[in-house]
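Trainee: According to TrEMBL, the protein carries these features:
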type	residues	note
TRANSMEM	128-149	transmembrane segment
TRANSMEM	198-218	transmembrane segment
TRANSMEM	224-246	transmembrane segment
TRANSMEM	266-285	transmembrane segment
TRANSMEM	300-318	transmembrane segment
TRANSMEM	339-361	transmembrane segment
TRANSMEM	423-446	transmembrane segment
TRANSMEM	453-471	transmembrane segment
TRANSMEM	491-510	transmembrane segment
TRANSMEM	522-543	transmembrane segment
TRANSMEM	558-577	transmembrane segment
């Protein structure tokens, strides 16, 4: 029988160096032959088994540090007989010590593997739960304090009105009433606070994710297929751009801004965004001397700039048409769609182009329509086909001037460069922005009819959600077109579009209709999004926003650092809001 106490003693020395998302796995081999242990992650689609450790015969031990992020499938193989001895799948806990005894079975000739936990794992989600509880308490106390303050101010105001005696004549009252009427006529149209809040919420999540998200895998981008919190942020931003374009262009149209002035404005803004992304965010002094050999050409701001330019052109060429709600056309119920049929035609053609290139374009040494990560995935048959047609086009166009650390690199062990902000994905970015434009058109066409606006938002969310479910078959890897942020797949656009309509609709109801919430604190970065985004990208690796961590055995310090850096930028945005400083391009 296996000596568990020896295994515990064997684990004590290497176990001291365990960090977050790591566990110690020890093996004891009682066989008279050498065995090898292989593993693969269940998140890695059809990946080849990778060698983990070799355990020598005759009661020898071996231990190894393993990742606890995803479920692992282990397989013990005999080199002498070239066969699998045992296999199991297990999700290991952070900081846990596990012991596997490989011994001869008494009932059968085939060995078996006995599992034992020698040290219980810690709760890796405890820092997250504590932080969520503290944030909830702080939010509650803030709202209670604000409620008491408002009640006191209201009480003082009522006392002032009730206790003062009339000091003016009827004529004076009439003059004051006239002044009030003049002031009322000069009131500017109110902003759509829910949209600013949605933008600020997305930006806040983005800052938190870019600061590491506490080291939790679900706050980071998925290795390839699948959707995490980090994968929601970028499409939300693109969706908001589309909505903002419609609302802003309507305002400028009412002011009589000409086509030429609009073209100048959108061209200037596009150029500034491109320069910001290319010259500042794609390069940092921490990277060393600037070199064209490794400088990244695509980027987040570059994609946002190009998407904004195309959406703005669509809205400029087909301006807003005023149609009375009482009109009796057969298409009155879908006028927000029919009026803009040329825009829809262009979007359908763009999406058809994406589908044809992605699924039909031949790629050298790769299967047609390949959507995988390559590397060791898909049984290692297509190691150099990362991203299929999308990756091939980018490699031809940009060479090595692309993102050097794609999310699939570690798990799938890929060698080909791949940029998640590449050329082909920009087509679906435009489609995502157009869905945001549709939200803006709904708000304009049904202004004052809030129930209609919410119903339309819900209908779009259901339609997009059903489309995403059909395309992905409600699975991570088994669908016709899997949900994939790296490729900006069609199912990814429909899935995140569904969430966008739901979230904007919920905020519109709570903030703009009911007035239950003012959007704080997210409305502050939402009204200064360029400043916060560029600022956190340039200064995020410097104190006081981040520092060198010393306690890496758990998520506590990393989560605190992520929340601290995010809170600082919320505070900066709040002070800028109070000073009425809004960086605009």
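For all residues, glycine too, the Cβ spot is worked out from N, Cα and C.
Remember, TrEMBL labels are computer predictions, not curated facts.
Remember, it's a predicted structure, so these values are computed and weren't measured experimentally.
Each of the listed features needs to be described in terms of its position in the shown structure.
Mentor: Within its own chain, the transmembrane segment (198-218) has Cβ neighbours under 8 Å at 20-21, 69-70, 127-128, 131, 228-230, 232-234, 236-237, 240, 244, 503-504, 507, 519, 521-527, 529, 532-533, 536-537, 540, 545-546, 555, 558-559, 561-563, 565-566, 569-570, 573, counting only residues six or more beyond its boundaries.
Beyond the transmembrane segment (224-246), the same-chain residues lying 6 or more positions past its ends with a Cβ under 8 Å from any Cβ of the stretch are 43, 45, 195, 198-199, 202-203, 205-206, 209, 213, 217-218, 300, 304, 307-308, 311-312, 315, 320, 372-373, 377, 407-408, 411-412, 429, 432-441, 443-444, 476-477, 482-486, 492-493, 495-497, 499-500, 503-504.
Only residues 6 or more beyond the boundaries of the transmembrane segment (300-318), in the same chain, are considered here, and those with a CB under 8 A from a CB of the stretch are 234, 237-238, 241-242, 245-246, 249, 259, 262-263, 266-267, 269-271, 273-274, 276-278, 281, 340, 342-343, 346, 421, 425-426, 429-430, 432-434, 437.
Remote same-chain partners of the transmembrane segment (339-361), defined as residues 6 or more beyond its termini with a Cβ less than 8 Å from a stretch Cβ, comprise 314, 317-318, 321, 323, 368-369, 371, 388-390, 392-393, 424, 427-428, 430-431, 434, 437, 441, 487, 490.
Listed as Cβ neighbours of the transmembrane segment (453-471) (distance under 8 Å, sequence separation of 6 or more from its ends, same chain) are residues 336, 435, 438-439, 442-443, 446, 479-481, 483, 489-491, 494-495, 497-499, 501-502, 504-505, 508-509.
Sequence-distant contacts of the transmembrane segment (491-510) (same chain, six or more residues past either end, CB-CB distance under 8 Å): 192, 194-195, 197-198, 201, 227, 231-232, 235-236, 239, 243, 428, 431-432, 435-436, 439, 443, 450, 453-454, 457-458, 460-462, 464-465, 467-468, 471-472, 479-485, 516-517, 519.
When Cβ-Cβ distances below 8 Å are used as the criterion, the transmembrane segment (558-577) is approached by residues 20, 127-128, 131, 200, 204, 207-208, 211-216, 521, 523-525, 527-528, 531-532, 535-536, 540, 544-547, 549, 552 of the same chain, each at least six residues removed from its ends.
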Trainee: Please indicate, using numbers and ranges, the residues of the same chain that are 6 or more beyond the transmembrane segment (423-446) and have a C-beta under 8 Å from a C-beta there.
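Mentor: Cβ under 8 Å, 6 or more out: 192, 235, 238-247, 250, 298, 303, 306-308, 310-311, 314-315, 320, 323, 325, 335-337, 340, 343, 347, 350-351, 353-354, 357-358, 389-390, 393-394, 397, 452-453, 456-457, 460, 464, 486-490, 492-493, 496-497, 500-501, 504, 508.
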